Amino acid sequence: MKLVIDAGNTNIVFAVHDGSRWRGTWRIATDAQRTSDEYGVWLTVLLDRAGIAAGGIDGAVIGTVVPAALYHLRRLCRDWFSLEPLIARAELDWGFAIEMDNPAEIGADRLLNALAAHHGYGGPLIVIDFGTATTFDVVNGNGAYVGGVIAPGINLSVEALHQAAARLPRIGIGRPQLVIGKSTIPAMRSGIYWGYVGLVEGLIARIEADFGAPMKTIATGGLAPLIAEGTSRIEHTDPDLTLEGLRLLALRNPAPVLRPREAEHE
């Protein structure tokens with residue numbers, strides 16, 4: 001069984017795959033100061049409740065866009081599971097070309113989404129990830145990663161609106177039935193929701209125009225189903241896309257070997 005860890009700016013997702021299916025997924029808020037022992041106690045309790053023996057986990061892979069969290073996640077794998085984790089990075093064997101000026105600067109989550117989306121849906125395609133940032137990643141028909149777009153995330157935009165305008169409250173995100181709001185909060189909700197639907201539709205159209213052909217569109221991230229309700233341009237939503245990318249990456253790359261000194265506490 002493989003321990004798969006997807007560390008984002010907002011949440012860290014832990015999952016276990018037994019070679020045929022996901023046995024469980026668990027989510028915790030990202031905190032760069034949380035120690036490996038805190039992760040270990042929390043995770044082993046959840047594994048036990050799911051009937052998963054920690055000793056049966058024989059591999060680990062980590063994808064993170066939070067460098068400060070990597071140290072403790074690596075120590076978790078070493079100290080609690082006696083494993084040296086594979087760390088997702090551009091230099092690994094992805095099975096596709098990365099056609100970027102500086103591949104090393106690309107967030108691992110974007111490459112992982114591209115890997116899983118092309119494997120599951122074929123190309124050419126656009127992967128949209130509704131996270132802290134809203135990213136659009138483009139994969140051609142041969143599976144090569146050819147670039148993308150980064151826009152502010154929905155929650156980030158909501159918070160910025162509240163912080164910058166003293167009289168605008170902090171609001172929840174939902175789909176308004178009407179575009180024209182009759183008071184402040186409905187007007188804000190409409191601007192956020194339908195504004196992001198418009199951003200999605202507009203960027204898909206512009207990406208396809210640049211690419212020169214229609215493309216499949218796959219969305220992931222917590223808000224993907226909600227945004228997909230408002231547009232026909234999102235063809236599939238896949239909540240486990242990044243986890244699946246990590247699983248596939250681990251299949252393509254040999255597991256690192258845990259050296260004795262790495263198993264000791266630093």
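Cβ atoms here come from the backbone N, Cα and C positions, even for glycine.
According to Swiss-Prot, the residue from Thr35, Thr44, Thr132 that belongs to the ATP site alongside Asp6, Ala7, Gly8, Asn9, Thr10, Asn11, Ile12, Val13 is Thr132. Whole-number maximum of the Cα to Cα distances across the ATP-binding residues Asp6, Ala7, Gly8, Asn9, Thr10, Asn11, Ile12, Val13, Thr132: 15 angstrom. Within 10 Å of the Cβ of Ala108 (substrate binding site) there are 22 other Cβ atoms, across all protein chains. Its Cβ placed at the centre, Thr10 (ATP binding site) has 15 other Cβ atoms within 10 Å. Of all residue pairs in Gly107, Ala108, Asp109, Arg110, Thr184, the annotated binders of substrate, the farthest apart have Cα atoms separated by 39 Å. In this structure, Thr132 (ATP binding site) belongs to neither helix nor strand by DSSP; it is coil. Cα of Asp129 (K(+) binding site) to Cα of Arg110 (substrate binding site): a distance of 8 Å.
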